[in-house]
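Participant: Encoded as structure tokens, here's the structure I'll be asking about.
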């Protein structure tokens, strides 16, 4: 029987979180309630305060060139080593429930690219969606599973954090992430911190240890980004979806809130107004390391042989 | 609001979550529109047609709040027989002089008021605080008469005629206009054909939903949806708020935009009440404060006017010019406020015998506003210029004129955090590339003084709701950085040293100036001490030396001093009240113990109107302040904006004036008749009621009147300020599109505080134009390609953003395209991100009331591709002008040719 | 820092502790275990107001060793409730940006480059120039003999980003000098 076969709820250590949550499985005995983000995109105003507040707090450097991307008002593109919060802007010829816009004109529905429609009569409904994306802090985190150095670890809050001083830049975690969140930072090491090291959202681990709200959630002007105990956030999100449905916003749905999904539920989940793909999110993310345990057991014997050498290296390194 | 004031917008989102309906009226679909219930795209420059039609809807369908309107507005006041409306006179009100482009406003007065209005002339209205000042009667030009530009147009020069006609007269402050309240005649039934209510009703009768469609491009269905929402949400139990970002002030009819909104709010009873009002969202941390304590030419602190030569030669004349001694309200004490200011500035040198050194004040002779100043620079009339946290080379309309003006100075001081374009124009202005400027030929000495940031100095900002908040110094400024307080204090000390031995009379005001502020161990002046002087203190009596508690403690005999009467109280009890920080969660929802709001820590102005004439709340839900019979005083959630113990039943005795003349049901205590003005019998220069006029540059002919544009707008017919033809004029088709400018969340104004920061620069790295897919197809524009945008002044280039957020407007049988231009970028080498400046496209044409430029709308052409470089750019722009047949006369005739009385 | 021993070795902690798979507590490094937010490490927390727009959001400024280490929203503010927009959130970078100009610079007439200049000397030069320009463009009376008592030689633009106290001193000094042409963003 492989560890993976034990499945959820056994309480045994494994790649599937047990009933007590992922922090328990990671050896945290005295642990607070699992923390997370609920990002309600229906009230996001796309101000990007989260992007800046995150960079300010975490010392994340400027990302890439100063270049207009043409993706509506998004010029940071995607989550990456130097963008830990990313706001997507989606312009759509669809109605937003409960909203009327003068952009609408009677006519046939059209889904052409910008510039393809010439006649005002062809204008249809319009809505502008904004959504602040972030690391999902998966219950079953593939990045953590594949990390050979222990640089990635599960915190007592149930979040997944990189230790830049431990990471050796092997990059295994990068393809493992089903969301494409984690990346190795590139750039000139003379001016940029943590170059060559895997980087992503820490859910402001240092702030959490002092009972402070993560920087992005604290800054968010409209409380689109809500921080708190995951259980409570999930209940709040359910109520919010119900309220929006009542108001006629039938597109409202949650993403990443289900503990039975492919990553065991996300620690950072979302209320979306369209399919996840619209926002650049994978529709059905699956932890990429579902079969890893048995593979690792086969590799275990070889690994044991390396332990002694590594131990010598560790002590030697510390002067 | 979400776009430019995201944190303020949290309250809108909260209101929405509680069921409020959010309507967003804007030429483009913004981040506010994205979360609004309704977005109403409107043609830039057509707001009066839209708002006026709402007024008409309210009046035609009897949807006004009758009890409020009858008791608290001037609806019942009779207008004089001589008044003629725009419908009678082909688009102008009575009193218009086509020669000067100005109104004689006497005929707008209330019945029986004519004589008084004629003697005092127009004065400013308190609604706008965005640079309030007024021009009035004709006045000779100032020293311009001796310039080389005499008699007509010279290259780069202004015609003498226009310059003298804009040579302003009554440069008065922000006080309410003066009227003699005792002569006012009323018809409480509102039926008299000349009562304000009926005059208003007739005036707006032609502002129909169909006109809205034709002028604004808004469908009647959507217009009615707005009307229904606004009216249904107003009354005893509910209030509606209007919010504008100060783009409303950037029009040649700007003040009238705000007036129309004020009329709606008065008719619906939404003024002086919680959840109501008109909120101006201002874009700089202390732009409100810089108007209250004005770094503005026409004002002294507290909206007192700078004196005008020949009219305010004595203190008595000045005080009389502010307010009639027989009018109602608190402006009647204007002399006291002036005396206290003079005592604060000139201390012992200001005595009863010398009119409190009134003669030390310099005098105005006309419009000395920022655009007049830049034209004076071009004429080499100005040696030196201080730029203090301002970047006119990017941020001012017709920024090219600004840059060329800077190159004419002898010396320039730039005080800023970063090396802004206004500091480096001599080496990287766009005119270097075109050959219009050569670095070696620019004789301007430039001094760049690095400034201290907000955390490197203590001081107060006045935010957009008139609340002063103190920021404490956290660290020392780095390097040579220095606060503006420290710099100007030291500069004053050094200037006084240089003049110390002077026997010249002109130097007395400098040498007698109170300039002995306490300094710290670094020699830095204490901001706290300056705030205390602004607040004021007792000079004599048993309280000598103590801070004033309120402006009501001010005396006019020199026994008190105070630098800004409306701020008196901010240092009450010797406590810096602006530094109060009782957490919001620990106090009432009004949060009166956080900071300090002028006047008297009052959070909602005119809040007496939140109670009915008997002093009872209009409804429990909207209770704010009310009369407490038991205590015999006004009580409530806020500081009552009324004499605390004056009962609702109070009626002034015959002959009463000033505060005593305010009846118990006169909530508008700064107005000369105690009422909210639906109709302005004086105080405005371009009409007692708003009328729709087209922008200075518009491809659309005015659908309401034959008069195309505001007939009193300030025009500058100069070779360097040519205007596009508009409406039916030949050549208008050369510039067929409307453009508007705006801000983005990620940047701050001209970029001096955002384009130097990587975290902001990366979020909006490049200048772009927003166009609809329809316009893109029409002009062959490609998403992410380049476009060149052309006006009579210049051409700029921008990356193209094709988006459904911009919608072509159908106005009757024609479609009008609008182009959106964020204005944060400028040409230079120092910022992390740069680009052409949208403000280069504008010319200079001003609102007549406050001399603010029309920089929210103009016309243009757009074509695919980058603009020509070097001198070829000038040829390119000139070729457009030739095709359009542009001369200095184009667009600059105030009275539209062909209308009654037009001179040409 | 304590000398590392083999007992600190994560693998050993992993094999002997409650985190046998080395996914959590066992693999935390010394750095991770000692992480502490700058907000806690600050010597002082200074109350401030955002310098951008006029909403007037409250800011807490965290200072350590005479340097601003963090600026974030002040939850006490009834205006902003601790929140900040992207510009307000970038306030620390406004203060500490490496691109910020912190030295006095001078460009002489016809000059092609900036030159350094002593701050005190520069202020003296400005005082000289104000006095001289004021004199050159002085107007005692208008053409009717009415008093003007002013100079048209010196003008200023700016104030909307300044403190009230700063605007007050500027207006006071300029008015005493007779320099009337003072303007700020409020008219722009």
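Cβ coordinates are placed from backbone N, Cα and C, and glycine is handled just like the others.
Not my notes, these are from TrEMBL:
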REGION    A:1-31  region 'Disordered'
DOMAIN    A:35-65  domain '4Fe-4S ferredoxin-type'
BINDING   A:44, A:47, A:50, A:220  [4Fe-4S] cluster 1 binding site
BINDING   A:54, A:201, A:204, A:216  [4Fe-4S] cluster 2 binding site
DOMAIN    A:126-157  domain '4Fe-4S ferredoxin-type'
BINDING   A:135, A:138, A:143, A:177  [4Fe-4S] cluster 3 binding site
BINDING   A:147, A:167, A:170, A:173  [4Fe-4S] cluster 4 binding site
DOMAIN    A:158-187  domain '4Fe-4S ferredoxin-type'
TRANSMEM  A:295-316  transmembrane segment
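For each feature listed, report its degree of burial, its nearest neighbours and the pertinent distances within the displayed model.
Facilitator: Remark: secondary structure over the domain '4Fe-4S ferredoxin-type' (A:35-65) totals 13 helix, 6 strand, 12 coil, with classes taken from DSSP.
Long-range C-beta contacts of residue A:50 ([4Fe-4S] cluster 1 binding site), restricted to its own chain and to partners at least six residues apart, with a cutoff below 8 Å, comprise A:85, A:87, A:132, A:134, A:216, A:217, A:219, A:220, A:225.
Remote same-chain partners of the domain '4Fe-4S ferredoxin-type' (A:126-157), defined as residues 6 or more beyond its termini with a Cβ less than 8 Å from a stretch Cβ, comprise 15-17, 21-23, 25-26, 28, 30-32, 34-37, 39, 41, 44-46, 50-51, 72, 79, 84-96, 99, 101, 103-104, 163-164, 166-168, 170, 172-173, 176-179, 181-182, 197-198, 200-201, 203, 205, 208, 216, 220, 224-225, 256, 259, 263-270, 272-274, 278-281, 285, 287-289, 292.
Of all Cβ atoms in the protein chains displayed, 27 besides its own lie within 10 Å of the Cβ of residue A:143 ([4Fe-4S] cluster 3 binding site). Under the three-state DSSP scheme, residue A:143 ([4Fe-4S] cluster 3 binding site) falls in the helix class.
Look at residue A:173 ([4Fe-4S] cluster 4 binding site): DSSP puts it in a helix. For residue A:173 ([4Fe-4S] cluster 4 binding site), the same-chain residues lying six or more positions away in sequence with a CB closer than 8 A to its CB are A:142, A:143, A:144, A:146, A:147, A:152, A:182, A:198.
Same-chain residues lying 6+ beyond the ends of the domain '4Fe-4S ferredoxin-type' (A:158-187) with a Cβ under 8 Å from its Cβ atoms: 21-23, 31, 34-36, 61, 78-82, 134-139, 141-152, 193-203, 205, 208, 230, 262-263, 267, 281-282, 285-289.
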Participant: Compute the mean position of the Cβ atoms of A:54, A:201, A:204, A:216, which form the recorded [4Fe-4S] cluster 2 site, and then list in sequence order the other residues of that chain whose Cβ is within 8 Å of it.
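Facilitator: The answer, listed by sequence position, is A:50, A:53, A:57, A:58, A:84, A:85, A:134, A:202, A:203, A:214, A:215, A:217.
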Participant: Excluding the flanking five residues on each side, which residues at least 6 beyond the ends of the domain '4Fe-4S ferredoxin-type' (A:35-65) place their CB within less than 8 Å of a CB in that stretch?
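Facilitator: Residues 73, 76-77, 80, 82-87, 89, 128-134, 137, 157-159, 185, 187, 191-193, 199, 201-204, 207-208, 214-230, 233-234, 236-237, 240, 244, 249, 252, 266-273, 279.
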Participant: Given the binding-site residues A:47, A:135, A:177, which lie close to residue A:201 ([4Fe-4S] cluster 2 binding site), meaning Cα to Cα within 10 A?
Facilitator: A:135
Participant: Can you count the other CB atoms that lie within 10 A of the CB of residue A:147 ([4Fe-4S] cluster 4 binding site)?
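Facilitator: Its Cβ has 27 other Cβ atoms within 10 Å.
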Participant: Given a separation of at least six residues and a C-beta threshold under 8 Å, show me what packs close to residue A:135 ([4Fe-4S] cluster 3 binding site) in the same chain.
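Facilitator: Counting only residues 6 or more apart in sequence, the Cβ neighbours of residue A:135 ([4Fe-4S] cluster 3 binding site) under 8 Å are A:79, A:84, A:160, A:179, A:181, A:182, A:200, A:201, A:203, A:268.
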Participant: Helix, strand or coil: which one is residue A:216 ([4Fe-4S] cluster 2 binding site) in, per DSSP?
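Facilitator: DSSP assigns residue A:216 ([4Fe-4S] cluster 2 binding site) to helix.
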Participant: When you measure from the Cβ of residue A:204 ([4Fe-4S] cluster 2 binding site), how many other Cβ atoms are you left with inside 10 Å?
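Facilitator: Result for residue A:204 ([4Fe-4S] cluster 2 binding site): 26 neighbouring Cβ atoms inside 10 Å.
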Participant: Just how many other Cβ atoms lie inside 10 Å of the Cβ on residue A:220 ([4Fe-4S] cluster 1 binding site)?
Facilitator: 33
Participant: Among the binding-site residues (A:47, A:50, A:54, A:167), which are close to chain B, meaning C-beta separation under 8 angstroms?
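Facilitator: Among the binding-site residues A:47, A:50, A:54, A:167, the ones whose Cβ sits under 8 Å from a Cβ of chain B are A:47.
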Participant: DSSP on residue A:138 ([4Fe-4S] cluster 3 binding site), three-state: which is it?
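Facilitator: DSSP call for residue A:138 ([4Fe-4S] cluster 3 binding site): strand.
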Participant: Cα of residue A:44 ([4Fe-4S] cluster 1 binding site) to Cα of residue A:170 ([4Fe-4S] cluster 4 binding site): how many Å, rounded?
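Facilitator: Rounded to the nearest whole number, the Cα-Cα distance is 36 Å.
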Participant: From the centroid of the CB atoms of A:147, A:167, A:170, A:173, the recorded [4Fe-4S] cluster 4 site, which same-chain residues not already listed sit within 8 A by their CB, in sequence order?
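Facilitator: Near the [4Fe-4S] cluster 4 site, beyond A:147, A:167, A:170, A:173, sit A:143, A:146, A:148, A:149, A:151, A:152, A:162, A:168, A:169, A:171, A:172, A:198.
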Participant: Can you give me the same-chain residues 6 or more apart in sequence from residue A:138 ([4Fe-4S] cluster 3 binding site) with a CB-CB distance under 8 Å?
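Facilitator: Within the chain, residue A:138 ([4Fe-4S] cluster 3 binding site) has Cβ neighbours under 8 Å at A:160, A:263, A:264, A:265, A:266, A:267, A:287.
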